[in-house]
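Undergrad: Dumping what TrEMBL says about this protein:
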- 103-122: transmembrane segment (TRANSMEM)
- 134-159: transmembrane segment (TRANSMEM)
- 171-194: transmembrane segment (TRANSMEM)
- 206-224: transmembrane segment (TRANSMEM)
- 248-266: transmembrane segment (TRANSMEM)
- 278-303: transmembrane segment (TRANSMEM)
- 309-327: transmembrane segment (TRANSMEM)
- 334-355: transmembrane segment (TRANSMEM)
Amino acid sequence: MLIFNSMILLILLLMCVSHTQVVNYGISYKVYTSKTVAYFTMGYIVFWASLRIQFVDTAAYISGFNEAETGIDEAIQALFQEGKQKGFDFLQILFKTLFSESYHWWLTLIAVATGVPIMMTFRKYSVNYLYSMYLFVTSMIVVWMFNGIRQFLVAAIMFGLCDLIIKRKTILFIVAVLLCSTVHTTILIMLPIYFIVFETPFKRKMMLFVLLILMSVFAISPLLEAMETVLHNTAYASNLEQFAEDDGVHPLRVLFKAIPIVFAFIRREKIEKINNQFINICINMSTISVGIYVIGIFTSGIMIGRLPVYFDLYSLILIPYLFSYVYTDMKKQLYWGLGLLYLFFYFLMSGGLYYNSELTGFIK
């Protein structure tokens, strides 16, 4: 917990000396955050993610890397093997063959490949970069960079490619999703989502689409639960119990995830008048996320509770925008109020966090 506390402290200190400059055009906006601030905040998180040797499923990833074969032929064969992570295995073997046999460098590469797209997207679209980073840590999404890294890697990559959604580059988006699905198949949920996120938030058509998506997720939940059973026969078996303790569907978590949607719904008419395309997308993504979380409460599946990770990052851009341009009459109060509320949530949910590396040893 000490490591994660230090992340919050660093962000708060940087808030005292830096801020995001915004040029607002109504239906669009441009932001500027110092590269030094952006790289330093995410770099600090990447640093600790790279050094870890123990954190929930980290041992399984280290074991998988150490046991992986080497050779170009083996890497190519991995692409034609049965399984749901052939792309990940291909990259792992290729890295071990061409670059390094040290799992530390492999974890570093994954941390960088995950952190950079998030950092760049926040820097490009968040009207308050450091506040988005603060929410990234206090909402516990940051834990994904230490646990569940294969799924979060593809989530971060697709988040970094959000311009494909904004500019409606349909073919490129589909190709990107299909490539990412070789690393983690659950990213395929983004394919139907792509075709509905352009709808006006909270309108009947959009809510109907959301309902259909949620019904589909509920329908496939038995299949996802069967996948969990399969995991009992893999290297991840020892971690399932730990996953189950925090499957992402704690009612309190759902309540906090719903906060930006509630704020957006209350002033939906003003949002519709502004008609900022990217913010509309963020609202729709966040709405879908909350819906899946709600389904997760009533199912026993771990996998269901982990699907919203593909949409959660959008809410971290949405929240500061709502406070800065929709709730202008109470901007300061909301920034402070929600900041303290999320800090309370963090301390409530982070009691079991620990960290272990060769540099620090085991610490909580």
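For all residues, glycine too, the Cβ spot is worked out from N, Cα and C.
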Undergrad: Going through 103-122, 134-159, 278-303, 334-355 one by one, which has the most CB pairs that fall under 8 Å from the transmembrane segment (248-266)?
TA: 278-303
Undergrad: By Cβ distance under 8 Å, which residues at least 6 away from the ends of the transmembrane segment (171-194) in the same chain are close to it?
TA: 79, 84-88, 90-91, 150-151, 153-155, 157-158, 161, 164-165, 213, 216-217, 285, 288, 303, 306-307, 310-311
Undergrad: Which residues of the same chain, at least 6 past either end of the transmembrane segment (334-355), have a Cβ under 8 Å from a Cβ in it?
TA: 1-4, 8, 48, 52, 54-55, 128, 131, 134-135, 137-140, 143, 245-246, 250, 252-253, 256, 259, 319-320, 323, 327, 362-364
Undergrad: What else in the chain is close to the transmembrane segment (134-159), if you only count residues 6 or more beyond its ends and a Cβ gap under 8 Å?
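TA: Residues packing against the transmembrane segment (134-159) from afar: 4, 7-8, 11-12, 15, 45-46, 48-49, 52, 55-58, 61, 85, 88, 107, 110-111, 113-115, 117-118, 121-122, 176-177, 180-181, 183-184, 186-187, 190, 256, 306, 309-310, 312-314, 316, 319, 339, 342-343, 345-346, 349-350, 353.
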